[in-house]
Amino acid sequence: MSAFAFAPQPRRTTVGVSVGGVTVGGGAPVVVQSMTNTDTADIDATVAQVAALHKAGSELVRITVDRDESAAAVPKIRERLERLGLDVPLIGDFHYIGHKLLADHPACAEALAKYRINPGNVGFKDKKDKQFAAIIERAIAFDKPVRIGVNWGSLDQELLTRLMDDNQAKGFPLTAEEVMRETIVQSALISAELAEEIGLPRNRIILSAKVSNVQDLIACYAMLSARSNHALHLGLTEAGMGTKGIVASSASLGILLQQGIGDTIRISLTPEPGGDRTREVQVAQELLQVMGFRQFLPVVAACPGCGRTTSTVFQELAQKIQEDIRRNMPVWRAKYPGVEGLKVAVMGCIVNGPGESKHADIGISLPGTGELPAAPVYIDGKKAMTLRGTNIAGDFETLVGDYIEKRFGNGQAAAE
Ligand code: SF4
């Protein structure tokens, strides 16, 4: 058995692709992206959601372009975003009639920073190659990159049947699952080869191979990565709702990223009814941050609590600080360079409180059950003071604000 690898594997070398100025692959940091769930023809709703996703940290945002009305709305959405000062690149998601929409709506073709197409539904039988070529030619004409996004829910049935027949003729050396994985990978690679033959250079092509099963996803991307140097977009499709979607996406994408695979990620969460679409951006950022690949936000370390704490003070304080940080980050990013590296600890009692707080930049150890109503605060590893009274939480929040101003304000961090 090979030795357990403790460190992330070096990033696979892929060809970098510029998507509206954001580089995907080629050694660039892993890019976070998301997708709207508004009707793109509803310009107000789509602008609002793109803005919310971008402000939450989405570096690219994909929108559905499914009919004439939505294609006609795209340049207006682009214009409105620019008026708001939001230069987030927009990606158009095309199915079935992408060739037609891109031909009939040149302003849409121009306003988008990338086209996403699915080789399983770009066209059928003798129309398939023709319609695929028409989209690629539009991309070349408008100098746009394309994501060739295979999805097992709309897999190229002709290719699947051919590979199943080949497998049968050879006496079934592969299982049905293995043939399915091979079809997904081949569908992406054959389409990429065709796009290159038409004239789209490799530095304008991104590939993805999405499935909804964690082990299949890991296998497909490992195969794809071993057989090509195209930039890869990772995502578990139909990941589901709530904790299930978060766990399944994090498990599969985390393993691939640890192996050096993946240049951009999307966490495809199904929102709760009326839920917040930006959750998928938060999860993507947190996944990349906890794995040490990127830093987006200050970290708040909080203990889980146990029988030594009967009050919810420390839970409320940890939650409040986390929420304040997320809310303030768009301003802090510009005002306090380096603030995303801040570590705050909020601990429930004396057992691990002082130790964990000393490891943070600023930390507090709140009193547990039976402890004196006093909360020592540690700054840069040293005990700085003890808070007492009824406003410990508020006083600590003030201290965190003062610490950020002192350390990161006026270019202090840059000077360190
Ligand atoms: S620090 Fe204290 S309250 Fe928090 S989990 Fe540990 S023992 Fe429990």
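From the backbone N, Cα and C atoms, a Cβ is placed for every residue, glycine too.
What you see is a predicted model, and the numbers here were worked out from it, not measured in a lab.
Among the features that TrEMBL reports, [4Fe-4S] cluster binding site is placed at Cys303, Cys306, Cys349, Glu356. Around the Cβ of Cys349 ([4Fe-4S] cluster binding site), a 10 Å sphere holds 20 further Cβ atoms from the protein chains shown.
Marked as domain 'IspG TIM-barrel' by TrEMBL: 15-285. The average pLDDT for the domain 'IspG TIM-barrel' (15-285) in the predicted structure is 95.
Positions annotated as domain 'IspG C-terminal' by TrEMBL: 300-399.
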Same chain only, sequence gap of 6 or more: which residues have a CB within under 8 Å of the CB of Cys303 ([4Fe-4S] cluster binding site)? Phe314, Val346, Met347, Gly348, Cys349, Asn352, Gly353, Glu356
For a quick check of packing: other C-beta atoms within 10 Å of the C-beta of Cys306 ([4Fe-4S] cluster binding site), how many? 10
Translate the DSSP assignment of Cys349 ([4Fe-4S] cluster binding site) into the three-state scheme. coil
For Cys306 ([4Fe-4S] cluster binding site), the three-state DSSP class is coil
Considering only the binding-site residues Cys303, Cys349, Glu356, which possess a Cβ situated under 6 angstroms from at least one atom of ligand 1? Cys303, Cys349
Quick one: which residues besides Cys303, Cys306, Cys349, Glu356 have a Cβ within 8 Å of the [4Fe-4S] cluster site's Cβ centroid, in sequence order? Pro304, Gly305, Arg308, Thr309, Phe314, Met347, Gly348, Val351, Asn352, Gly353, Gly368
